[in-house]
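Taken from TrEMBL, the feature active site, proton donor covers Glu88, Glu322. Taken from TrEMBL, the feature active site applies to Asp229, Glu343. Annotation source TrEMBL lists Ca(2+) binding site at Thr446. TrEMBL lists 490-512 with the feature compositional bias 'Basic and acidic residues'. Residues annotated as region 'Disordered' in TrEMBL: 490-525.
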Amino acid sequence: LDVASYRERVRAMFYHAYEHYLESAFPYDELRPLTCDGQDTWGSFSLTLIDALDTLLILGNVSEFQRVVNVLQEGVDFDIDVNASVFETNIRVVGGLLSAHLLSRKAGVEVEAGWPCSGPLLRMAEEAARKLLPAFQTPTGMPYGTVNLLHGVNPGETPVTCTAGIGTFIVEFATLSHLTGDPVFEDVARKALKALWKNRSDIGLVGNHIDVITAKWVAQDAGIGAGVDSYFEYLVKGAILLQDKELMSMFLEYNKAIKNYTKFDDWYLWVQMYKGTVSMPVFQSLEAYWPGLQSLIGDVDNAMRTFLNYYTVWKQFGGLPEFYNIPQGYTVDKREGYPLRPELIESAMYLYRATRDPTLLELGRDAVESIEKISKVDCGFATIKDLRDHRLDNRMESFFLAETIKYLYLLFDPDNFIHNDGSDFDVVITPYGECVLNAGGYIFNTEAHPIDPAALHCCRKRKEEQWEVEDLMREFYSLKKTRKFALKRPSDRGEAESAKDSEDAEKAGEKRNSKKSSHSLLSCPSQSFNSKLAVLGQVFLDNT
């Protein structure tokens, strides 16, 4: 398989779609490829532009990335009287802006002094996320599904939200909290995750839709697909991003129940959440993310087996129908379409990184051939309304440029900066010290917006850490007088106590013998190393 030629074909697909969006649809959310015009779908944010921004950089187009950043700063306003999906606004708008913010220095944008802890795209992401916060003000902490960006939650808004619409915030909201120093985002996201966990059934499953006021399950189908999917994905990705064992153990518990009750011959079915009886023997195209998720927890063999099942469906139709009846081996009535979704390609990209199995490149090849053959029109790429007769629909979803093209390109571009193994990195000076960025290990949100996990450690604004820095500065200055440097274990103390530190440091020289245990002068600190103890890279010893 000629990887380079497929990579170039994917690049050409991107520009065919992107240029027609700019020409015919901007500033609307999405392109209508059959009529060559645009429509607002998820709000009114020029959504395709926000969603495609980081894809531009992955394709290496820094000049257009820079131009779009300026366009978005000028033109996007969230103070509008629009009812928006809380879930979609988070994954597409907040996620897209955060990712572009963290990549903007790499893209040659002149960043402001406090970056990555400040910047215009970060302020936009925060503004968009603040508009979503009213949705979380419920008795359970589980959010409403829709919010008005001007007025908050509409009176009479339905309290029924799907599981994914409750559990798909931790990646974006924790990133926001770590960058801005405002814990409210991470707090509401965690509370929502825990509320779902608390309401799982006795056999360990969650349903599809729940009432966020009463916590009663309204739709009791349990599975890994539509309505549930990204909740499981964000437990794993949140655990990796935040190094959080609790989130991972929640996922592993669910994983056991999913294997026990929904898995049959490397397919996953839908079952009743309380009894575990099969309710629908259906494979949904959205479930195709699951092998990629399994690869993230190292379960590569099971992932490959399930992937190969899903790939047979692709080969049968030249795409994945929204629903596929497993026993009958055919599409489900009214669900024969393929809106150019990314999930199977996403799994192929992850599994190819893990195994280098050439079958995965073959899926990429099939996807390129089939999308070009069936869905390409003069004005872009159109949703396939019916895989049986290749009828098209007048819509090009923004995820086609955000995800489908991005994962295809990354599958065929082994040397992309996104695949960095840590051998290459940038060091940035922030107000809180030195910070390593762009070393790889990117976590993709569920709209394929990559988040650099290292960035979460750049902007520590927590109170105790400010005191720690102040303590160290005091010790550093008192050291100039005493020519000695006392290293102390940081403890949780208030400012009143820390004011005494400078005197303590001076007395430390005299009281050396009597205070050996708590204040000994160390030439080799016994506590774990903390970068904040290195003042301008100098290490201070006895008699410095």
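Positions of Cβ are set from backbone N, Cα and C atoms, glycine also.
Bear in mind that TrEMBL entries carry predicted annotations, made automatically and left uncurated.
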Cβ-Cβ neighbours of Glu322 (active site, proton donor) (radius 10 Å): 20
Of the recorded positions listed as Asp229, Glu322, Glu343, Thr446, the one whose CA lies nearest the CA of Glu88 (active site, proton donor): Thr446
Integer Å distance between the CA atoms belonging to Glu343 (active site) and Glu322 (active site, proton donor): 11
For Glu88 (active site, proton donor), the number of other Cβ atoms found within 10 Å of its own Cβ: 20
Alpha-carbon distance [the residue listed as 'Ca(2+) binding site'; Glu343 (active site)] in Å: 10
Asp229 (active site) CB neighbourhood, other CB atoms within 10 A: 25
Alpha-carbon distance [Asp229 (active site); Thr446 (Ca(2+) binding site)] in Å: 10
